[in-house]
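Peer 1: Handing you a structure now.
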(Lines of atoms letter the chains of each structure in order from A; the text may use other names.)
(Lines give C-alpha, C1' and ligand atoms only; values in the text may rest on other atoms or scores of the structure.)
Protein backbone atom coordinates (compact mmCIF):
# COMPACT_ATOMS: atom_id res chain seq x y z
CA UNK A 1 0.00 0.00 0.00
CA UNK A 2 2.73 2.44 1.05
CA UNK A 3 4.86 1.52 -1.98
CA UNK A 4 2.00 1.80 -4.44
CA UNK A 5 0.85 5.11 -2.97
CA UNK A 6 4.19 6.91 -3.12
CA UNK A 7 6.09 5.15 -5.91
CA UNK A 8 3.28 4.50 -8.39
CA UNK A 9 1.04 7.42 -7.51
CA UNK A 10 -1.34 8.85 -10.08
CA UNK A 11 -2.86 11.38 -7.68
CA UNK A 12 -1.96 14.99 -8.38
CA UNK A 13 -1.89 15.85 -4.65
CA UNK A 14 0.51 13.03 -3.75
CA UNK A 15 2.79 13.82 -6.70
CA UNK A 16 2.69 17.50 -5.72
CA UNK A 17 3.72 16.52 -2.19
CA UNK A 18 6.61 14.43 -3.57
CA UNK A 19 7.74 17.44 -5.62
CA UNK A 20 7.59 19.71 -2.55
CA UNK A 21 9.64 17.29 -0.43
CA UNK A 22 12.17 16.75 -3.23
CA UNK A 23 12.46 20.52 -3.77
CA UNK A 24 12.99 21.14 -0.05
CA UNK A 25 15.71 18.49 0.02
CA UNK A 26 17.44 19.92 -3.06
CA UNK A 27 17.07 23.41 -1.58
CA UNK A 28 19.08 22.30 1.44
CA UNK A 29 21.84 20.95 -0.85
CA UNK A 30 21.85 24.20 -2.83
CA UNK A 31 21.94 26.29 0.35
CA UNK A 32 24.86 24.25 1.69
CA UNK A 33 26.75 24.83 -1.56
CA UNK A 34 26.06 28.58 -1.38
CA UNK A 35 27.35 28.71 2.20
CA UNK A 36 30.58 27.04 1.03
CA UNK A 37 30.91 29.69 -1.72
CA UNK A 38 30.37 32.58 0.71
CA UNK A 39 32.74 31.03 3.26
CA UNK A 40 35.48 30.85 0.61
CA UNK A 41 34.84 34.52 -0.20
CA UNK A 42 34.51 35.66 3.43
CA UNK A 43 38.08 36.99 3.43
CA UNK A 44 40.97 37.44 0.99
CA UNK A 45 43.13 34.37 0.59
CA UNK A 46 42.18 30.81 -0.22
CA UNK A 47 40.14 28.35 1.84
CA UNK A 48 39.47 25.47 -0.56
CA UNK A 49 42.84 25.89 -2.35
CA UNK A 50 41.39 24.42 -5.54
CA UNK A 51 39.79 26.70 -8.13
CA UNK A 52 38.44 23.81 -10.19
CA UNK A 53 36.58 22.57 -7.12
CA UNK A 54 35.35 26.10 -6.36
CA UNK A 55 33.90 26.42 -9.88
CA UNK A 56 32.37 22.95 -9.59
CA UNK A 57 30.58 24.06 -6.42
CA UNK A 58 29.31 27.21 -8.17
CA UNK A 59 28.05 25.15 -11.13
CA UNK A 60 26.32 22.64 -8.85
CA UNK A 61 24.80 25.45 -6.76
CA UNK A 62 23.21 26.97 -9.88
CA UNK A 63 21.89 23.71 -11.33
CA UNK A 64 20.55 22.41 -8.01
CA UNK A 65 18.75 25.65 -7.16
CA UNK A 66 17.25 26.12 -10.65
CA UNK A 67 16.35 22.62 -11.82
CA UNK A 68 15.85 20.82 -8.51
CA UNK A 69 14.58 23.48 -6.12
CA UNK A 70 12.68 26.36 -7.79
CA UNK A 71 11.17 24.46 -10.73
CA UNK A 72 10.06 21.33 -8.81
CA UNK A 73 8.53 23.40 -5.99
CA UNK A 74 6.78 26.02 -8.13
CA UNK A 75 5.67 24.01 -11.15
CA UNK A 76 5.66 20.47 -9.75
CA UNK A 77 4.61 21.22 -6.18
CA UNK A 78 2.26 24.21 -6.29
CA UNK A 79 1.28 23.52 -9.91
CA UNK A 80 0.26 19.89 -9.34
CA UNK A 81 -1.49 20.60 -6.08
CA UNK A 82 -3.42 23.68 -7.12
CA UNK A 83 -4.10 23.71 -10.86
CA UNK A 84 -6.61 20.80 -10.96
CA UNK A 85 -8.38 22.10 -7.83
CA UNK A 86 -8.55 25.65 -9.16
CA UNK A 87 -10.17 24.63 -12.46
CA UNK A 88 -12.46 21.96 -10.98
CA UNK A 89 -10.67 19.01 -12.59
CA UNK A 90 -10.58 15.59 -10.87
CA UNK A 91 -6.84 15.22 -11.61
CA UNK A 92 -4.24 16.03 -14.25
CA UNK A 93 -4.88 14.99 -17.87
CA UNK A 94 -2.15 12.31 -17.86
CA UNK A 95 -1.73 11.08 -14.28
CA UNK A 96 0.86 8.37 -14.99
CA UNK A 97 2.96 10.71 -17.11
CA UNK A 98 2.75 13.09 -14.16
CA UNK A 99 4.32 10.40 -11.97
CA UNK A 100 7.06 9.78 -14.54
CA UNK A 101 7.82 13.52 -14.66
CA UNK A 102 8.59 13.41 -10.97
CA UNK A 103 10.59 10.17 -10.92
CA UNK A 104 12.92 11.41 -13.66
CA UNK A 105 14.16 14.08 -11.26
CA UNK A 106 15.88 12.03 -8.51
CA UNK A 107 18.04 10.14 -11.07
CA UNK A 108 18.79 13.49 -12.72
CA UNK A 109 19.93 14.95 -9.40
CA UNK A 110 22.03 11.85 -8.74
CA UNK A 111 23.75 12.25 -12.12
CA UNK A 112 24.46 15.92 -11.41
CA UNK A 113 25.90 15.22 -7.97
CA UNK A 114 27.94 12.28 -9.29
CA UNK A 115 29.43 14.58 -11.95
CA UNK A 116 31.07 16.48 -9.07
CA UNK A 117 32.45 13.29 -7.54
CA UNK A 118 34.19 11.76 -10.56
CA UNK A 119 37.27 13.09 -12.37
CA UNK A 120 37.75 16.76 -11.47
CA UNK A 121 34.09 17.84 -11.63
CA UNK A 122 32.27 20.11 -14.08
CA UNK A 123 33.74 23.54 -13.33
CA UNK A 124 32.10 25.21 -16.30
CA UNK A 125 29.54 27.48 -14.69
CA UNK A 126 25.87 26.68 -15.33
CA UNK A 127 26.20 27.98 -18.91
CA UNK A 128 28.60 25.13 -19.84
CA UNK A 129 30.26 27.22 -22.58
CA UNK A 130 32.69 25.54 -24.94
CA UNK A 131 35.71 25.62 -25.35
CA UNK A 132 35.95 25.41 -21.53
CA UNK A 133 33.49 22.52 -21.52
CA UNK A 134 35.05 20.62 -24.44
CA UNK A 135 37.05 17.38 -24.18
CA UNK A 136 40.39 19.21 -23.98
CA UNK A 137 39.62 21.65 -21.16
CA UNK A 138 37.41 19.24 -19.24
CA UNK A 139 38.70 15.71 -19.61
CA UNK A 140 36.87 12.85 -17.94
CA UNK A 141 33.15 12.09 -17.68
CA UNK A 142 32.09 15.01 -15.42
CA UNK A 143 30.60 17.31 -18.07
CA UNK A 144 29.02 14.32 -19.83
CA UNK A 145 27.25 13.33 -16.60
CA UNK A 146 26.05 16.92 -16.15
CA UNK A 147 24.71 16.87 -19.74
CA UNK A 148 22.81 13.62 -19.12
CA UNK A 149 21.45 15.13 -15.91
CA UNK A 150 20.15 18.12 -17.90
CA UNK A 151 18.62 15.79 -20.47
CA UNK A 152 16.62 13.96 -17.79
CA UNK A 153 15.51 17.17 -16.08
CA UNK A 154 14.55 18.55 -19.50
CA UNK A 155 12.46 15.50 -20.43
CA UNK A 156 10.77 15.72 -17.02
CA UNK A 157 9.90 19.39 -17.58
CA UNK A 158 8.68 18.84 -21.14
CA UNK A 159 6.36 16.00 -20.05
CA UNK A 160 5.09 18.14 -17.19
CA UNK A 161 4.52 21.05 -19.57
CA UNK A 162 2.49 18.92 -22.00
CA UNK A 163 0.46 17.67 -19.04
CA UNK A 164 -0.29 21.16 -17.69
CA UNK A 165 -1.18 22.62 -21.09
CA UNK A 166 -3.58 19.75 -21.84
CA UNK A 167 -5.10 19.87 -18.35
CA UNK A 168 -5.70 23.62 -18.35
CA UNK A 169 -7.13 23.80 -21.87
CA UNK A 170 -9.26 20.62 -21.81
CA UNK A 171 -10.20 19.91 -18.21
CA UNK A 172 -11.70 23.17 -16.99
CA UNK A 173 -15.14 22.78 -15.49
CA UNK A 174 -18.11 23.40 -17.80
CA UNK A 175 -18.86 27.07 -18.56
CA UNK A 176 -15.39 28.11 -17.37
CA UNK A 177 -13.68 30.11 -20.10
CA UNK A 178 -9.99 31.03 -20.24
CA UNK A 179 -10.79 34.42 -18.71
CA UNK A 180 -12.31 32.76 -15.65
CA UNK A 181 -9.28 30.73 -14.61
CA UNK A 182 -7.31 32.05 -11.62
CA UNK A 183 -4.07 33.94 -12.31
CA UNK A 184 -1.96 31.14 -10.84
CA UNK A 185 -3.37 28.77 -13.47
CA UNK A 186 -2.58 31.35 -16.17
CA UNK A 187 0.99 31.60 -14.89
CA UNK A 188 1.47 27.82 -14.98
CA UNK A 189 0.01 27.62 -18.50
CA UNK A 190 2.36 30.30 -19.83
CA UNK A 191 5.30 28.74 -17.98
CA UNK A 192 4.49 25.36 -19.55
CA UNK A 193 4.39 26.88 -23.04
CA UNK A 194 7.77 28.52 -22.44
CA UNK A 195 9.22 25.18 -21.27
CA UNK A 196 7.84 23.36 -24.30
CA UNK A 197 9.37 25.87 -26.72
CA UNK A 198 12.74 26.48 -25.05
CA UNK A 199 13.91 23.13 -23.66
CA UNK A 200 14.29 21.35 -27.03
CA UNK A 201 16.79 24.06 -28.03
CA UNK A 202 18.83 23.39 -24.89
CA UNK A 203 18.63 19.66 -25.61
CA UNK A 204 20.00 20.30 -29.11
CA UNK A 205 22.84 22.45 -27.78
CA UNK A 206 24.00 20.04 -25.09
CA UNK A 207 23.61 17.03 -27.42
CA UNK A 208 25.91 18.74 -29.94
CA UNK A 209 28.31 19.48 -27.08
CA UNK A 210 28.15 15.80 -26.10
CA UNK A 211 29.05 14.69 -29.65
CA UNK A 212 31.81 17.33 -29.82
CA UNK A 213 33.25 15.83 -26.65
CA UNK A 214 32.90 12.15 -27.51
CA UNK A 215 32.25 11.56 -31.22
CA UNK A 216 34.75 13.97 -32.78
CA UNK A 217 32.19 16.36 -34.27
CA UNK A 218 33.06 20.08 -34.46
CA UNK A 219 29.77 21.95 -33.99
CA UNK A 220 31.46 24.35 -31.58
CA UNK A 221 35.09 23.89 -32.67
CA UNK A 222 36.51 26.44 -35.16
CA UNK A 223 39.22 23.98 -36.27
CA UNK A 224 36.49 21.95 -37.95
CA UNK A 225 34.36 24.85 -39.16
CA UNK A 226 32.22 25.12 -36.02
CA UNK A 227 31.56 28.19 -33.88
CA UNK A 228 31.47 28.42 -30.07
CA UNK A 229 29.18 31.47 -30.42
CA UNK A 230 26.53 29.18 -31.91
CA UNK A 231 26.43 27.37 -28.57
CA UNK A 232 25.89 30.65 -26.76
CA UNK A 233 22.97 31.56 -29.03
CA UNK A 234 21.36 28.15 -28.54
CA UNK A 235 21.97 28.12 -24.79
CA UNK A 236 20.59 31.60 -24.18
CA UNK A 237 17.60 31.01 -26.44
CA UNK A 238 16.71 28.50 -23.73
CA UNK A 239 18.38 30.35 -20.83
CA UNK A 240 16.45 33.57 -21.07
CA UNK A 241 12.97 32.03 -21.23
CA UNK A 242 14.19 29.81 -18.37
CA UNK A 243 14.54 32.78 -16.01
CA UNK A 244 10.94 33.75 -16.81
CA UNK A 245 9.92 30.13 -16.24
CA UNK A 246 11.43 30.49 -12.75
CA UNK A 247 9.56 33.71 -11.89
CA UNK A 248 6.16 33.42 -13.69
CA UNK A 249 4.59 30.88 -11.27
CA UNK A 250 5.79 33.24 -8.53
CA UNK A 251 3.79 36.04 -10.16
CA UNK A 252 0.71 33.81 -9.99
CA UNK A 253 1.31 32.92 -6.33
CA UNK A 254 1.84 36.58 -5.36
CA UNK A 255 -1.39 37.60 -7.14
CA UNK A 256 -3.37 35.12 -5.01
CA UNK A 257 -1.64 35.97 -1.73
CA UNK A 258 -1.85 39.75 -2.16
CA UNK A 259 -5.53 39.56 -3.14
CA UNK A 260 -6.55 37.47 -0.13
CA UNK A 261 -4.52 39.29 2.54
CA UNK A 262 -5.71 42.67 1.24
CA UNK A 263 -9.29 41.55 1.86
CA UNK A 264 -10.16 41.76 -1.85
CA UNK A 265 -12.23 39.24 -3.77
CA UNK A 266 -10.23 39.57 -6.99
CA UNK A 267 -6.89 41.07 -8.04
CA UNK A 268 -6.81 44.52 -9.65
CA UNK A 269 -6.79 44.33 -13.44
CA UNK A 270 -7.27 40.59 -14.00
CA UNK A 271 -7.13 40.87 -17.80
CA UNK A 272 -4.11 43.17 -17.66
CA UNK A 273 -2.36 40.69 -15.37
CA UNK A 274 -3.05 37.76 -17.73
CA UNK A 275 -1.99 39.68 -20.83
CA UNK A 276 1.10 41.02 -19.07
CA UNK A 277 2.20 37.44 -18.38
CA UNK A 278 1.58 36.52 -22.02
CA UNK A 279 3.59 39.55 -23.14
CA UNK A 280 6.46 38.66 -20.78
CA UNK A 281 6.39 35.08 -22.10
CA UNK A 282 6.53 36.25 -25.73
CA UNK A 283 9.18 38.94 -25.20
CA UNK A 284 11.29 36.48 -23.21
CA UNK A 285 12.05 34.65 -26.47
CA UNK A 286 13.33 37.63 -28.47
CA UNK A 287 15.90 39.13 -26.11
CA UNK A 288 18.34 36.25 -25.55
CA UNK A 289 21.47 37.95 -26.94
CA UNK A 290 21.52 40.55 -24.16
CA UNK A 291 23.55 37.88 -22.34
CA UNK A 292 26.13 38.12 -25.13
CA UNK A 293 26.85 41.84 -25.51
CA UNK A 294 30.55 41.14 -24.95
CA UNK A 295 31.05 38.53 -27.71
CA UNK A 296 31.25 41.14 -30.47
CA UNK A 297 27.91 41.85 -32.14
CA UNK A 298 26.99 44.54 -34.68
CA UNK A 299 25.92 47.89 -33.29
CA UNK A 300 22.46 47.39 -34.85
CA UNK A 301 22.10 44.00 -33.18
CA UNK A 302 23.11 45.47 -29.83
CA UNK A 303 20.64 48.35 -30.29
CA UNK A 304 17.81 45.91 -31.01
CA UNK A 305 18.52 43.63 -28.04
CA UNK A 306 18.92 46.63 -25.72
CA UNK A 307 15.56 48.14 -26.67
CA UNK A 308 13.71 44.81 -26.80
CA UNK A 309 14.99 43.98 -23.31
CA UNK A 310 13.80 47.33 -21.96
CA UNK A 311 10.31 46.72 -23.36
CA UNK A 312 9.92 43.74 -20.97
CA UNK A 313 9.87 46.32 -18.17
CA UNK A 314 6.45 47.52 -19.39
CA UNK A 315 4.36 44.37 -18.76
CA UNK A 316 6.41 43.77 -15.60
CA UNK A 317 5.51 47.27 -14.44
CA UNK A 318 1.85 46.53 -15.21
CA UNK A 319 2.06 43.59 -12.82
CA UNK A 320 3.87 45.48 -10.03
CA UNK A 321 1.45 48.40 -10.11
CA UNK A 322 -1.55 46.06 -10.31
CA UNK A 323 -0.35 44.33 -7.12
CA UNK A 324 0.01 47.73 -5.45
CA UNK A 325 -3.48 48.69 -6.68
CA UNK A 326 -4.83 45.41 -5.27
CA UNK A 327 -3.39 46.31 -1.86
CA UNK A 328 -4.67 49.91 -2.09
CA UNK A 329 -7.70 50.55 0.08
CA UNK A 330 -7.75 46.98 1.35
CA UNK A 331 -8.20 45.64 4.85
CA UNK A 332 -4.64 44.32 5.12
CA UNK A 333 -4.02 41.23 7.26
CA UNK A 334 -0.39 41.42 8.38
CA UNK A 335 0.21 37.68 8.31
CA UNK A 336 3.37 35.84 7.22
CA UNK A 337 2.27 35.23 3.59
CA UNK A 338 1.53 38.95 3.15
CA UNK A 339 4.95 39.88 4.55
CA UNK A 340 6.62 37.58 2.03
CA UNK A 341 4.47 38.99 -0.78
CA UNK A 342 5.27 42.61 0.13
CA UNK A 343 8.95 41.70 0.40
CA UNK A 344 8.66 40.09 -3.03
CA UNK A 345 7.13 43.17 -4.65
CA UNK A 346 9.80 45.50 -3.22
CA UNK A 347 12.86 43.33 -3.82
CA UNK A 348 11.76 42.00 -7.21
CA UNK A 349 11.36 45.63 -8.31
CA UNK A 350 14.90 46.43 -7.13
CA UNK A 351 16.17 43.42 -9.10
CA UNK A 352 14.20 44.62 -12.12
CA UNK A 353 15.80 48.07 -11.93
CA UNK A 354 19.33 46.63 -11.97
CA UNK A 355 18.14 44.53 -14.93
CA UNK A 356 17.25 47.74 -16.78
CA UNK A 357 20.78 49.00 -16.07
CA UNK A 358 22.30 45.79 -17.47
CA UNK A 359 20.10 45.86 -20.58
CA UNK A 360 22.13 48.84 -21.88
CA UNK A 361 24.73 47.18 -24.10
CA UNK A 362 27.31 49.92 -23.48
CA UNK A 363 27.03 49.58 -19.70
CA UNK A 364 26.85 45.80 -19.87
CA UNK A 365 30.23 45.63 -21.61
CA UNK A 366 31.69 47.00 -18.36
CA UNK A 367 29.41 45.14 -15.92
CA UNK A 368 29.26 41.76 -17.70
CA UNK A 369 30.68 38.90 -15.60
CA UNK A 370 31.04 41.11 -12.52
CA UNK A 371 29.23 40.77 -9.20
CA UNK A 372 26.72 43.39 -10.40
CA UNK A 373 25.16 40.66 -12.54
CA UNK A 374 25.26 38.22 -9.59
CA UNK A 375 23.49 40.81 -7.42
CA UNK A 376 20.89 41.44 -10.14
CA UNK A 377 19.81 37.85 -10.71
CA UNK A 378 19.93 36.95 -7.04
CA UNK A 379 17.59 39.86 -6.28
CA UNK A 380 15.06 38.43 -8.74
CA UNK A 381 15.69 34.76 -7.81
CA UNK A 382 16.78 34.65 -4.18
CA UNK A 383 14.30 37.41 -3.29
CA UNK A 384 11.80 36.98 -6.10
CA UNK A 385 11.31 33.26 -6.73
CA UNK A 386 12.22 32.20 -3.17
CA UNK A 387 10.05 34.88 -1.51
CA UNK A 388 7.15 33.82 -3.76
CA UNK A 389 7.69 30.16 -2.79
CA UNK A 390 7.68 31.17 0.89
CA UNK A 391 4.51 33.26 0.45
CA UNK A 392 2.79 30.32 -1.25
CA UNK A 393 4.03 27.82 1.33
CA UNK A 394 2.83 29.92 4.27
CA UNK A 395 -0.51 30.61 2.55
CA UNK A 396 -1.34 27.08 1.34
CA UNK A 397 0.37 25.11 4.13
CA UNK A 398 -3.00 24.46 5.90
CA UNK A 399 -4.36 23.16 2.58
CA UNK A 400 -1.41 20.84 1.93
CA UNK A 401 -1.01 19.53 5.48
CA UNK A 402 -4.19 20.24 7.46
CA UNK A 403 -2.13 21.99 10.15
CA UNK A 404 -1.42 25.65 10.84
CA UNK A 405 1.96 27.35 11.10
CA UNK A 406 2.99 29.23 14.26
CA UNK A 407 2.56 32.83 13.07
CA UNK A 408 5.06 34.34 15.52
CA UNK A 409 7.86 32.02 14.44
CA UNK A 410 6.92 32.54 10.79
CA UNK A 411 7.24 36.32 11.17
CA UNK A 412 10.60 35.95 12.96
CA UNK A 413 11.72 33.71 10.09
CA UNK A 414 10.63 36.33 7.54
CA UNK A 415 12.56 39.16 9.19
CA UNK A 416 15.71 37.04 9.59
CA UNK A 417 15.60 35.98 5.94
CA UNK A 418 14.79 39.52 4.77
CA UNK A 419 17.81 40.85 6.65
CA UNK A 420 20.04 37.99 5.54
CA UNK A 421 19.39 38.07 1.80
CA UNK A 422 19.65 41.86 1.60
CA UNK A 423 22.88 41.87 3.59
CA UNK A 424 24.20 39.14 1.28
CA UNK A 425 23.32 40.63 -2.09
CA UNK A 426 23.10 44.41 -1.72
CA UNK A 427 26.89 44.85 -1.20
CA UNK A 428 27.50 42.81 -4.35
CA UNK A 429 26.22 45.76 -6.43
CA UNK A 430 29.13 47.80 -5.08
CA UNK A 431 31.59 44.97 -5.73
CA UNK A 432 30.40 44.76 -9.33
CA UNK A 433 30.63 48.51 -9.89
CA UNK A 434 34.17 48.34 -8.47
CA UNK A 435 35.00 45.64 -11.01
CA UNK A 436 35.11 42.42 -8.99
CA UNK A 437 34.67 39.55 -11.48
CA UNK A 438 32.42 36.50 -11.02
CA UNK A 439 33.55 32.89 -10.66
CA UNK A 440 36.87 33.62 -8.94
CA UNK A 441 37.70 32.11 -5.56
CA UNK A 442 39.92 34.98 -4.40
CA UNK A 443 40.07 38.76 -4.77
CA UNK A 444 42.29 41.79 -4.02
CA UNK A 445 42.13 43.17 -0.47
CA UNK A 446 40.31 46.27 -1.71
CA UNK A 447 37.12 44.21 -2.06
CA UNK A 448 37.26 42.65 1.40
CA UNK A 449 34.82 44.94 3.28
CA UNK A 450 31.79 44.25 1.10
CA UNK A 451 32.67 40.55 0.83
CA UNK A 452 32.82 40.22 4.62
CA UNK A 453 29.36 41.83 4.91
CA UNK A 454 28.02 39.63 2.13
CA UNK A 455 29.28 36.47 3.84
CA UNK A 456 27.80 37.57 7.19
CA UNK A 457 24.46 37.98 5.40
CA UNK A 458 24.83 34.45 4.07
CA UNK A 459 25.24 33.14 7.64
CA UNK A 460 22.11 35.07 8.73
CA UNK A 461 20.12 33.49 5.87
CA UNK A 462 21.47 30.08 6.85
CA UNK A 463 20.12 30.56 10.40
CA UNK A 464 16.80 31.53 8.79
CA UNK A 465 16.76 28.25 6.85
CA UNK A 466 17.29 26.27 10.07
CA UNK A 467 14.38 28.19 11.64
CA UNK A 468 12.18 27.28 8.65
CA UNK A 469 12.95 23.59 9.25
CA UNK A 470 11.97 24.09 12.90
CA UNK A 471 8.73 25.89 11.92
CA UNK A 472 7.63 23.03 9.68
CA UNK A 473 8.56 20.43 12.31
CA UNK A 474 6.68 22.45 14.95
CA UNK A 475 3.54 22.62 12.80
CA UNK A 476 3.46 18.86 12.23
CA UNK A 477 4.27 17.98 15.83
CA UNK A 478 1.74 20.41 17.39
CA UNK A 479 -1.06 19.36 14.99
CA UNK A 480 -3.00 22.64 15.37
CA UNK A 481 -6.11 22.70 13.19
CA UNK A 482 -6.32 25.86 11.07
CA UNK A 483 -9.10 28.31 11.96
CA UNK A 484 -11.74 27.88 9.20
CA UNK A 485 -12.78 31.54 9.51
CA UNK A 486 -9.29 32.72 8.55
CA UNK A 487 -9.15 30.67 5.32
CA UNK A 488 -10.19 31.92 1.85
CA UNK A 489 -13.10 29.50 1.67
CA UNK A 490 -14.59 31.22 -1.40
CA UNK A 491 -11.57 30.13 -3.46
CA UNK A 492 -12.14 26.82 -5.29
CA UNK A 493 -9.04 25.02 -3.97
CA UNK A 494 -10.23 25.38 -0.34
CA UNK A 495 -13.79 24.06 -0.67
CA UNK A 496 -12.87 20.43 0.13
CA UNK A 497 -11.44 21.36 3.52
CA UNK A 498 -7.95 21.23 4.98
CA UNK A 499 -6.49 18.91 3.93
CA UNK A 500 -8.82 18.08 1.01
CA UNK A 501 -10.09 14.57 0.38
CA UNK A 502 -7.85 12.22 -1.63
CA UNK A 503 -10.09 12.64 -4.69
CA UNK A 504 -11.69 16.01 -5.37
CA UNK A 505 -14.30 16.98 -8.00
CA UNK A 506 -15.20 13.31 -8.58
CA UNK A 507 -18.52 14.43 -10.06
CA UNK A 508 -18.52 17.02 -12.86
CA UNK A 509 -18.45 20.46 -11.28
CA UNK A 510 -20.20 23.55 -12.57
CA UNK A 511 -19.17 27.19 -12.50
CA UNK A 512 -21.81 29.90 -12.36
CA UNK A 513 -20.62 33.31 -13.53
CA UNK A 514 -22.42 36.17 -11.82
CA UNK A 515 -22.11 39.23 -14.04
CA UNK A 516 -22.37 42.45 -12.05
CA UNK A 517 -23.63 45.44 -14.00
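Heads up, the Cβ atoms here are built off N, Cα and C, so glycines get one too.
These numbers come from a predicted model, not from an experiment.
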Peer 1: Of 240, 376, 378, which one shares the Cu cation site with 290, 291 in Swiss-Prot?
Peer 2: 240
Peer 1: Need a hand: Swiss-Prot gives 40, 45 for Na(+), which of 441, 448, 454, 455 is also on that list?
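Peer 2: So, going by the record in Swiss-Prot, that would be 441.
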Peer 1: Could you confirm whether, in Swiss-Prot, the topological domain containing residue 134 has the same name as the one containing residue 47, so that both are on the same side of the membrane?
Peer 2: yes
Peer 1: Show which residues of the chain containing residue 290 (Cu cation binding site), separated from it by at least 6 in sequence, have their CB under 8 Å from its CB.
Peer 2: 240, 305, 306, 309, 358, 359, 361, 364
Peer 1: Of the binding-site residues listed here (291, 368, 369, 378), which is spatially closest to residue 45 (Na(+) binding site) when Cα positions are compared?
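Peer 2: So, of the listed binding-site residues, the one sitting closest to residue 45 (Na(+) binding site) is 369.
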Peer 1: Fill in the CA-CA distance, residue 244 (O2 binding site) to residue 378 (Fe(II)-heme a binding site), as an integer in Å.
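Peer 2: Residue 244 (O2 binding site) and residue 378 (Fe(II)-heme a binding site) have their Cα atoms 14 Å apart.
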Peer 1: Residue list, the transmembrane segment (299-327) vs rest of chain: Cβ under 8 Å, 6 or more residues beyond ends.
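Peer 2: For the transmembrane segment (299-327), the far contacts come to 251, 254-255, 258-259, 262, 264, 267-269, 272-273, 275-277, 279-280, 283-284, 286-287, 289-290, 293, 341-342, 345, 348-349, 352, 355-356, 359-361.
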Peer 1: Can you tell me how far the Cα of residue 376 (heme a3 binding site) sits from the Cα of residue 291 (Cu cation binding site), in Å?
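Peer 2: Cα-Cα, rounded: 13 Å.
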Peer 1: Return the count of C-beta atoms lying within 10 angstroms of the C-beta of residue 378 (Fe(II)-heme a binding site), excluding that atom itself.
Peer 2: 20
Peer 1: Around the Na(+) site formed by 40, 45, 441, list the extra residues of the same chain whose Cβ is within 8 Å of the site's Cβ centroid.
Peer 2: 41, 43, 44, 46, 47, 48, 54, 442
Peer 1: Is it true that the transmembrane segment (183-212) and the transmembrane segment (51-86) have 3 or more Cβ pairs under 8 Å, skipping pairs fewer than 6 apart in sequence?
Peer 2: yes
